[in-house]
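Below is one structure, written out as structure tokens; comments come after it.
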Amino acid sequence: MKSYPFVTSDRSKNRKRHFNAPSHIRRKTLSSPLSKELRQKYNVRSMPIRKDDEVQVVRGHYKGQQIGKVVQVYRKKYVIYIERVQREKANGTTVHVGIHPSKVVITRLKLDKDRKKILERKAKSRQVGKEKGKYKEETNEKMQE
């Protein structure tokens with residue numbers, strides 16, 4: 001039995017919702033985890049990605065130590081384009097390669113007042129969850145280290 005009966009687990013319905021999702025919902029889907037340093041600093045695990053964030057690819061063909069700036073967030077295709085992640089086309093021109101945000105970690109955030117508010121709000125709700133005992137003891141110890 002499913003835990004929440006009002007949410008469907010039908011594959012075709014979920015695919016339909018994914019591909020027909022409006023832009024404001026796609027924004028949330030296009031979230032990336034924060035690096036360990038940022039996670040310690042802000043007490044937030046992930047954030048919706050935006051242009052001018054600095055990211056590092058951690059999965060796939062382009063993974064490596066190089067850190068690049070997000071050039072474009074293409075919500076329609078569910079991909080982001082990163083500064084140094086390019087390939088050459090047959091005619092010789094270089095194009096950016098689309099990468100899904102779940103395959104990168106954010107190493108530097110572009111902060112403005114709205115984004116700072118989001119970080120504070122997320123950290124606050126995480127703190128409330130910790131007080132309720134939502135996270136295991138090991139997780140709490142790791143977060144404090």
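The count begins at 1 with the first shown residue.
Heads up, the Cβ atoms here are built off N, Cα and C, so glycines get one too.
Among the features that Swiss-Prot reports, region 'Disordered' is placed at 1-21 (among others). Residues of the same chain lying 6 or more positions beyond the ends of the region 'Disordered' (1-21) and with a Cβ under 8 Å from any Cβ of it are 29.
Taken from Swiss-Prot, the feature region 'Disordered' applies to 118-145 (among others).
Annotation source Swiss-Prot lists SUMO2 cross-link at K136, citing similarity to another entry.
Residues or ranges marked as phosphothreonine in Swiss-Prot (evidence: similarity to another entry): T139.
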According to DSSP, how is the region 'Disordered' (1-21) divided among helix, strand and coil residues?
9 helix, 0 strand, 12 coil
